[in-house]
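I have a structure I would like to understand better, so I am pasting it below and will then ask my questions one at a time.
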Amino acid sequence: MSSPEWNNPVVKWVDDRLPVFSLMHHSTAGYPTPRNLSYWWNFGSLALTVLIVMVVTGIFLVMSYTPHVDMAFDSVERIMRDVNYGWLIRYIHMNGASMFFIVVYIHIFRGLYYGSYKGPREILWILGVVILLLMMGTAFMGYVLPWGQMSLWGATVITNLFSAFPIVGDFIVTLLWGGFSVDNPTLNRFFSLHYLLPFVLFAVVGLHLWALHAVKSNNPLGVEMKQPEDSIPFHPYFTIKDLFGMGLFFMFFLFFVFWAPNFFGEPDNYIPANPMVTPPHIVPEWYFLPFYAILRAITFDIFIIPAKLGGVLAMFASIILLMVLPWLDRSKVKSCKFRPVYKWFFWILFLDCIFLGYLGKKPAEGSYIIMAQLATLYYFAHFLVILPLMSKIEKVVDLPESISAAVLKKSEDA
Amino acid sequence: MRKLFIAAVAALTLSASAAQAAGGAYVPELKDVNWSFEGFFGQYDQKQLRRGFQIYNEVCSACHSLRLVAYRNLSALGFTEDEIKEIAAEKSIRLPHGDAGALLNDDGEFFTREAKPSDKFVSPFPNDAAAIDANGALPPDLSLVAKSRLGGPEYLYSFLMGYMDEVPEEVAHQKGFILNEDKSFNIYFPGYYTSMPPQMMDELVEYEDGTEATAVQHAEDIVAFLNWAAEPELDERKSLGLKVMLFLLVLTAMLYALKRKIWADVKH
């Protein structure tokens with residue numbers, strides 16, 4: 001698509017030297033988008049919106065936050081009580097973390113359902129997994145900053161995981177802590193990294209978008225755009241659709257901020273951190289629960305791998321596995337719309353993840369352990385056995401000729 | 001390091017078994033109270049907060065600190081500037097030294113000054129050790145207690161009204177249950193025995209506004225006050241929320257109309 005001729009002499013002068021206007025044109029009015037995208041495609045732009053909200057509120061919070069074990073808790077309470085609209089900024093930031101994960105998890109499951117990870121979108125997908133990992137690290141470190149009981153003990157349990165690695169484990173943990181327990185140096189480095197990582201996130205999101213603009217959006221049919229009729233320009237069609245989605249999303253988001261600001265949080269984190277008192281339940285934030293369940297499911301040694309290392313490896317593997325997904329699923333068909341059998345396995349995986357989340361909240365005891373082990377086994381079996389097998393044996397439904405053909409047929413039927 | 005890991009895992013498993021124990025232990029459902037500050041439009045009842053403050057000031061503050069709340073914050077309860085000055089001046093703050101630099105005055109006591117509206121509520125004990133020494137256990141600071149307990153105000157109310165003279169059978173029959181004569185039995189307290197004796201009894205205080213001084217009234221009032229101490233922004237939060245929602249509702253409706261219009265001719 002060629003650049004438009006700019007009539008305004010100033011715009012033209014600038015654009016000849018720095019083609020920002022051409023760039024904006026290419027990524028909006030000149031950017032072809034499948035005409036059949038559903039509302040599930042709103043969640044990408046929503047995720048970027050939340051990231052921006054998080055960075056902006058975070059910058060304001062930093063102005064009044066003190067990263068010191070003796071002052072962090074009280075400085076957060078000062079934000080809540082004395083800083084003008086501090087309570088609003090902090091509650092937006094706090095609930096924004098949960099919103100970010102809600103939006104991104106929907107975004108990921110959408111990708112899984114419609115096969116958005118398949119060629120030519122492998123790198124786009126892998127960058128997405130990198131974004132997820134960065135988000136998890138950022139969220140984890142952010143949760144430590146208010147220095148409540150859950151901050152301290154969550155950090156203690158999670159950083160201790162790294163000690164499971166042979167030889168380097170202890171070194172890594174000491175490095176993370178900046179000492180020999182979770183203490184002031186830990187808080188300081190987590191604060192520093194919590195400020196840094198969102199900007200790394202921005203950079204990777206930039207790459208994610210760059211890759212997207214190279215390969216273009218997938219769509220509910222999973223059939224690539226082949227002819228001009230298959231697409232419509234991003235602007236104005238998807239700018240307005242995304243804006244409408246944002247309106248709905250902000251109502252959902254702000255409902256929690258204004259009426260249930262601590263819904264996603266743990267009450268214990270309103271008790272100042274105390275290394276001498278262990279809270280009765282140490283649970284991570286809800287968005288880590290499925291992974292936490294996988295971590296605790298490995299209660300047995302696997303050959304030479306001790307159980308605790310096995311748990312840590314399984315937890316990391318459950319995410320890293322997503323990176324090789326494009327090569328595990330060899331089916332030519334992308335969208336589950338045309339995969340009558342695999343479609344059901346997708347939903348079973350979805351329920352399995354919810355179930356793992358439920359188990360992550362439960363104590364690792366008795367039947368819960370066995371259930372977690374089965375759910376973990378199924379999670380890995382889905383990707384390593386079911387998916388490759390389906391690619392071979394599933395009888396797929398005939399794909400439509402093109403997006404526009406399918407769209408026209410649908411509107412004729414209607 | 002390995003020991004630390006083991007300690008952390010042990011803490012985890014312990015916490016898990018404690019959870020299991022708690023899950024198995026008999027705990028009745030929390031008592032439900034219709035708070036004025038519940039729901040979409042709920043706001044604090046200023047008169048109730050003042051009654052609650054009176055209870056805190058005359059009873060709770062003997063043992064419990066409220067270190068995150070300042071006297072100036074009492075303006076939210078309708079106290080005038082002069083009243084707040086008076087309330088603050090009843091308390092004294094220990095100074096590190098006198099004007100001349102001496103640590104103690106001629107009587108061998110610490111130098112003090114009257115608290116000012118800008119001061120935070122003065123704590124009853126100089127430090128945790130003194131508080132534990134005087135009470136047998138640390139009376140928790142109450143600034144955030146309404147947020148830091150599962151169930152929030154409902155839990156606090158249930159706890160305050162949850163003292164029992166006789167251990168109910170459901171609890172007495174539990175494995176491992178041991179009678180403890182030194183502490184008070186409270187059906188809602190984790191582990192059942194608390195160092196805090198029951199407080200909520202009729203005529204605990206004589207209300208300045210003439211409200212009948214029943215135990216239930218006291219419990220409701222003090223919990224409402226503690227909820228305010230934990231969430232002083234609640235009134236403003238909800239009223240701002242309503243305005244924001246109204247704005248978003250109109251904006252989103254207009255965006256939807258615009259979306260319909262822009263997409264009118266596009267088959268999709």
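Cβ atoms are placed via backbone N, Cα and C, with glycine included.
So TrEMBL says this about it:
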type: SIGNAL; residues: B:1-21; note: signal peptide
type: DOMAIN; residues: B:47-212; note: domain 'Cytochrome c'
type: BINDING; residues: B:CYS60, B:CYS63, B:HIS64, B:MET196; note: heme c binding site
type: TRANSMEM; residues: B:240-258; note: transmembrane segment
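Give me the structural setting of these features: burial, nearby parts and distances.
In the predicted model, residues of the domain 'Cytochrome c' (B:47-212) average a pLDDT of 95.
Residue density at B:MET196 (heme c binding site): 20 other Cβ atoms are found within 10 A of its Cβ, drawing on all protein chains shown.
Long-range Cβ contacts of the transmembrane segment (B:240-258) within its own chain (Cβ-Cβ under 8 Å, at least 6 residues beyond either end) map to 40-41.
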Over the residue list B:CYS60, B:CYS63, B:HIS64, B:MET196, recorded for heme c, what is the maximum interresidue Cα distance in Å?
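11 Å is the greatest Cα spacing among the residues binding heme c.
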Neighbours of the heme c site B:CYS60, B:CYS63, B:HIS64, B:MET196: Cβ within 8 Å of the Cβ centroid, same chain, sequence order.
B:VAL59, B:SER61, B:ALA62, B:PRO139, B:LEU142, B:GLN199
Note down the number of other Cβ atoms within 10 Å of the Cβ of B:CYS63 (heme c binding site), including every protein chain shown.
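Other Cβ atoms found within 10 Å: 18.
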Through the lens of DSSP with three states only, how would you label B:MET196 (heme c binding site)?
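Note: B:MET196 (heme c binding site) is coil by DSSP, not helix or strand.
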Within 10 Å of the Cβ of B:CYS60 (heme c binding site), how many other Cβ atoms are there?
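That number is 21.
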